[in-house]
Amino acid sequence: MSETPRTAFGGRRAVPPNNSNAEENDPPTVELQGLVPRGVNLQDYLNVTGVHLFKEKWDSNKVDHHTDKYDNKKLIVRRGQSFYIQIDFNRPYDPRRDLFRVEYVIGRYPQENKGTYIPVPIVSELQSGKWGAKVVMRENRFVRLSIQSSPECIVGKFRMYVAVWTPYGIIRTRRNPETDTYILFNPWCEDDAVYLDDDKEKEEYVLNDIGVIFYGDANNIRSRSWSYGQFEDGILDACLYMMDRAQMDLSGRGNPIKVSRVGSAMVNSKDDNGVLVGSWDNIYAYGVPPSAWTGSIDILLEYQSSQNPVQYGQCWVFAGVFNTFLRCLGIPARVVTNYFSAHDNDANLQMDIYLEEDGNVNSKLTKDSVWNYHCWNEAWMTRPDLPVGFGGWQVVDSTPQENSDGMYRCGPASVQAIKHGHVCFQFDAPFVFAEVNSDLVYITAKKDGTHVVEAVDTTHIGKLIVTKEVGGDGMKDITDTYKFQEGQKEERLALETALMYGVKKSLNTDGVAKQRSDVDMDFEVENAVLGTNFTLTITFQNNSPNSYTLSAYLSGNITFYTGVSKEEFKNETFDVTLEPLSFKKKEVLVRASEYMGQLLEQASLHFFVTARVNNTGDILAKQKSIVLLIPKVIIKVRGSKMVGSDMVVTVEFTNPLKETLQNVWIRLDGPGVIKPTRKMFREIRPNSTVQWEEVCRPWVSGRRKLMASLTSDSLRHVYGELDLQIQRQPSA
């Protein structure tokens, strides 16, 4: 009978990979150095009868370590900071003759030199940066210890043991899940790689469990709240499971650079069965539409319980879940939105828009795309692997766009390095630099095979980069952290530096040969509500004493927010005659019936206007996107807004469209107030209203928020939210 082949390590000193926090291999309870003489009972020596970890929410261990918000009954502490435990013995402890130590173990094959087995010695004084335990109280049969952990300690869930020395060997406590201890990154510790000195920023970027994500486009910015829920029951374990699923070696889990890079790969499922399946085709039959999610909790818990990727996500969902992962582990993080974000397929720092000779876009040659917006994350950490000055905020992006070292991931890339064009430093800086600092180049593809550069727009890409403000729901402009102002010497120097470091630029656009045309063209689109008609106004301006005739072309497209066109819903050609030094306006009516049938979930329309000046052959080109105004979900509450008291939440929606909405799902979420829940309505007729009531009992006091989303077969990206102030329970 053949045996199953297995890896043999007998002939070498190598230890099997230790890449799972969940797997265990308990140390022996007794380690004897020889035979125990007859009549000797090891139980007569010092024995541990109990261990107390002071792990209630109100205990100093959790309050001082800022872990009291975690809905988790285990002890959770931050590395590099002391915490207290108490050990009960069978008799009074005598330091002159009794010797014991605390041990922390993680994974299946613990080794002291890899930080997976940590023997903590009893010391007279604790030393900063080193593991140690100091007796701070000794009374009767117990001792109380202050334990100091290393600021470079592995982040994860440790098993704890107490080992007592006897003349015949070691007696060790048995495995007890009640003494398991989570150790997290510590932004409050100056020696930790994620140390952040501003208290308000720590409150926002580590402890805030509700965020605001911005979307839409630069001229019509929209926002929605997102429940990060990093303190909710089960989320910490789900985040550790992500690293286990990535088979990340435990010895690397104390390094925020490695942890964030693994996280950026694991949040998407592209090549590693990570958390979320990305989908941009508007077909979500086998899962949840990206716009329906209200937060990260359901996604992470479903991923851990099913052990399969969750369907579906788009960039803001990836960013929201990744933010939960980072904040939960203690790495300061924020979601960033880049408006007019370039996806540079050929890494030449240009978005090449190819035109036919008649001015229409050549879709076969145009491979680069400009996303209306793109969301990624920034994580705060030191970068000892880079020159001094490149620490601080690092771009990490979990949306699967381009391959990085064999996997779909991005970062961490230093924001400071990107601003100054130092794209030679790892990781993925050239791609991020192109996202925020590319040139938009219009090129005419001639029938004879030659290409002529018509125009260069150096300001369109990375028009605006924003994040949520500290301490409020408003928007903070952080564009200047990524790039110098257009036209400054420093901006041009940063671009030249990026090119020097090997980012190729295949087409020379400096000093485009074509002279500026005597005719200018621009257009405006009025703000429009979903389901209504609206007007687009094109303005032609003649700046010369000559008369001109123009042949113009308008194309209206339903687009994904990634800038990719789904379908053209409107096209119109017209001629314009311009008298000397005059202007002319052309109004084009866009009817609801033209776009409603093909509308995608973000209600984004893209217009492209080109015009040929017949007298000179000059080509004028402009493009703009608009996001239609979408109706909101209304949330109301009644009852006592107090911890532990019943409160009734009412969700209400009125269908403003002229068609019946079918298969309507409404989701409701509110960290600390109500667990994520949902309800289905088969249909909502035109102008009719549906209501849904849920009774909840808040368990977290302070400023809270309720969030709701609605999705249906024909209407998505419908949101609503309500700010609440939850009162504490009155003390008895």
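Note: Cβ is positioned from N, Cα and C throughout, glycine not excepted.
Remember, TrEMBL labels are computer predictions, not curated facts.
Positions annotated as active site by TrEMBL: Cys315 (among others). Long-range Cβ proximity for Cys315 (active site), meaning a same-chain Cβ under 8 A and a gap of 6 or more residues, is found for Trp371, His374, Cys375, Trp376, Thr399.
Annotation comment: TrEMBL describes His374 (among others) as active site. His374 (active site) counts 27 other C-beta atoms within 10 Å of its own C-beta, drawing on all protein chains shown.
Applying an 8 A CB threshold to same-chain residues 6+ apart, the list for Asp397 (active site) reads Ser264, Ala319, Trp376, Asn377, Arg409, Cys410, Gly411, Asp428, Val432. Per TrEMBL, the feature active site maps to Asp397 (among others).
Neighbours of Asn437 (Ca(2+) binding site), defined as other CB atoms within 10 A of its CB across all chains, total 24. According to TrEMBL, the Ca(2+) binding site annotation covers Asn437, Asp439, Glu486, Glu491.
Taken from TrEMBL, the feature domain 'Transglutaminase-like' applies to 307-400.
The region 'Disordered' annotation in TrEMBL covers 1-28.
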Note to self: Looking at the domain 'Transglutaminase-like' (307-400) alone, can you tell me the average pLDDT?
What the structure shows: 89
Checklist line | Cβ packing number for Glu486 (Ca(2+) binding site), 10 Å threshold | finding: 11
Next item on the list: With a 10 Å radius around each C-beta, find which of these binding-site residues (Asp439, Glu491) has the fewest other C-beta atoms nearby.
Entry: Glu491
